[in-house]
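Feature list (source: Swiss-Prot):
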BINDING   10-17, 102-109  ATP binding site
Amino acid sequence: MAAKNFLLTGRPGIGKTTCVVKTAELLVSRGVKVGGMVTHEVREGGSRVGFKVRDLLTGREGFLAKVGAGAGPRVGKYVVHVEELEAVGVGAILRAVSEAQVVVIDEIGPMELYSPSFLPAVLKALDSDKPVLATIHERESSSGRLRGILERGDVKLYTVTLQNRDLLPPQLAREIASLVAR
């Protein structure tokens, strides 16, 4: 089975999200409609205080996690905002499956997996006829929880490194654009 789902893994800070964003920009510049969710850091005074998730089709944002007290699951010093993740992130994935040509999911990680509707949305995207470009947290890519995703015949896994992170976006954009053009 040919790959139509492209997953990027690698150590934290190596450039997985940057690869996905650059690939999405290249696809958009070719006239491809890209949807889904991307995650970015929120910084205050030079310190990371949280993460926001953004819907690529609508531009809507919500907090994925913030430093501090509060109700909700914790990952390290962060409190995961499951409701905002579901409203913005899960909504973005499902919207992209129905409205876009390519689905972006950044990232499949420990924070996102606290949402009971996140993994089903990811699986719906992977099972769709749309190409998926996703990042997967390094620890999750080596754990049993997501082994079923990684062992799919339609998944191609890339490990992002300092050596390949600038080469991957044009390569991925070409591969994905060729799938959309069929």
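From the backbone N, Cα and C atoms, a Cβ is placed for every residue, glycine too.
When secondary structure is read from DSSP and collapsed to three states, Lys16 (ATP binding site) falls in the helix class. In the three-state DSSP scheme, Val102 (ATP binding site) falls into the strand class. Cβ-based neighbour count (10 Å, all protein chains) for Lys16 (ATP binding site) stands at 26. Taken residue by residue with DSSP, Gly10 (ATP binding site) is part of neither helix nor strand, so it is coil. Fewest Cβ neighbours within 10 Å among the binding-site residues Gly10, Pro12: this applies to Pro12. Between the candidate binding-site residues, Ile14, Ile108, the densest Cβ environment within 10 Å is the one around Ile108.
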